[in-house]
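**Student:** I grabbed these lines from TrEMBL:
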DOMAIN    22-210  domain 'Fructose-1-6-bisphosphatase class I N-terminal'
DOMAIN    214-343  domain 'Fructose-1-6-bisphosphatase class 1 C-terminal'
Amino acid sequence: NLLHKNRSTMDHAADAHRTDLMTITRFVLNEQTKHPESRGDFSILLSHIVLGCKFVCTAVNKAGLAKLLGLAGETNVQAKDQKKLDVLSNEVFIKALVSSGRTCILVSEEDEEATFVEPANRGKYCVVFDPLDGSSNIDCGVSIGTIFGIYMIKDGHEPTLDDVLQPGMNMLAAGYCMYGSSCTLVLSTGSGVNGFTLDPSLGEFILTHPDIKIPKKGKIYSVNEGNAKNWDGPTSKYVQSCKYPTDGSSPKSLRYIGSMVADVHRTLLYGGIFLYPGDKKSPNGKLRVLYEVFPMSFLMEQAGGQAFTGQQRALDLVPEKIHERSPIFLGSYDDVEEIKKLYAAEEQN
């Protein structure tokens, strides 16, 4: 055991001296070289998104707490003078995206209307995002995150809402940043999924999860069971089969954090299924198509999983409004396949 202990200490020591770190910047530039036609616009846009994530990460970790609580000997600064974190995060991302000079339309969960960038700062990308997903969980220390998706507009026309009201499969890239026990950024630019972890001592995101592949089948299901009373048939049957399998397999474990980024992150790494079905109360479920369902479905498919709305492949949906909602079932390939079968059987009946 002592030998084992020494070995792991040595590993840590070796890690501390690794000098060849793959930062997210280097990673994105490497990807760029595979596209000879690219002029680096996309890389610049991503670096602005990454900067936004770093800023929100420090804000979420209650940076400046001493100042906030007046521990420097001044009178207490009332918390109400402080911007709410979700409002602050939204402003940070809007400013970072506009100042990149690479965007033309921004759709944020926080803003009723889309933001059209004035011509002087305009670029060819549209970014849809939820600046702080799960923000109702801030006070209890549960992981929260930022979700984003990127579209490119067709050349040579005045940008309109139709440029973002496109199916998710037209996205160029998608990702999320999770502010949890560590700050993790998961990204796909359409050729696999990679995870980066913020090294606070360097202020850099380092590649820690190269080429993430979701297990083909998982042992976990993730759903808000409090809504069970209003579920439709296929969802009820599916959850029943998770708890009381009839094929002799072990029951699945239930894990539900209630913060989409954290639940999807776990699903991506450990496998299983995450579901937010429609029900009698909200027939379209709760999650928004553009900046929750699409980016997460994009990542799931890129990692070898599936995403289904109860009617079709999630990425084939064509949204009609920027804040439209949709039911979603996503995760391991085989697990989503089962729910698809249940919906197909119901169709036939």
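Placed from the backbone N, Cα and C atoms, the Cβ positions cover glycine too.
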**Student:** Can you break down the domain 'Fructose-1-6-bisphosphatase class 1 C-terminal' (214-343) into helix, strand and coil residue counts using DSSP?
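**Tutor:** DSSP composition of the domain 'Fructose-1-6-bisphosphatase class 1 C-terminal' (214-343): 56 helix, 21 strand, 53 coil.
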**Student:** Take every residue in the domain 'Fructose-1-6-bisphosphatase class 1 C-terminal' (214-343), average their pLDDT values, and give the whole-number result.
**Tutor:** 97
